[in-house]
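Annotated features, as they stand in TrEMBL:
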- Cys88, His130, His134: Fe cation binding site (BINDING)
- Glu131: active site (ACT_SITE)
Amino acid sequence: MPILPIRTIGDPVLSHRAREVETIDARLDQLIEDMIVTMHEAPGVGLAAPQVGVDLRLFVWDIGDGPDVAINPEIVERTGTWRYEEGCLSVPGYFWPIERPRTVLLRYVTRDGEVAELEGSDLLGRVFQHETDHLDGVLLIERLDEEERREAKQRIARERWLGN
């Protein structure tokens, strides 16, 4: 199982809505396994397919109780709010306080092709939202307010992440 290269800010694959997964087969299963290995090696708690250059709506996660995958996920309920420092493997080395709903209900397809729902609160809920953002072409930096986003982009550009 190879470690896949993680795409970083500025890569076009990170800025558009990913395509729905239409078929769950051996190739998709191998991608999922490779993504899990890549996520653990990074290290991270979540990884979306666009982050490894694959235009599909799926992500893997592991917050310490074993890896899992969500195929064609959608967040169907959101409750509460929670501001917490968040980072991203596609913007390595940067962390910002981001306000998100504290608890979400994720509806997704499992590796077995079954529709499932899972409630995630605190860290798990944050992972679900962060990775779903990737599937919608939204990077963490876009969750900052206008002033914070401007400062973050300047800092990243200064440090050459945007190729400037």
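Using N, Cα and C of the backbone, Cβ positions are placed for all residues, glycine too.
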One should report the C-alpha separation between Cys88 (Fe cation binding site) and Glu131 (active site), rounded to whole angstrom, as 10
Show, in sequence order, which residues other than Cys88, His130, His134 on the same chain lie with their Cβ within 8 Å of the centre of the Cβ atoms of the Fe cation site.
-> Gly46, Ala48, Gln51, Leu89, Ser90, Glu131, Asp133, Leu139, Leu140
Taking the Cβ of the residue listed as 'active site' as the centre, how many other Cβ atoms fall within a 10 Å radius?
-> 24
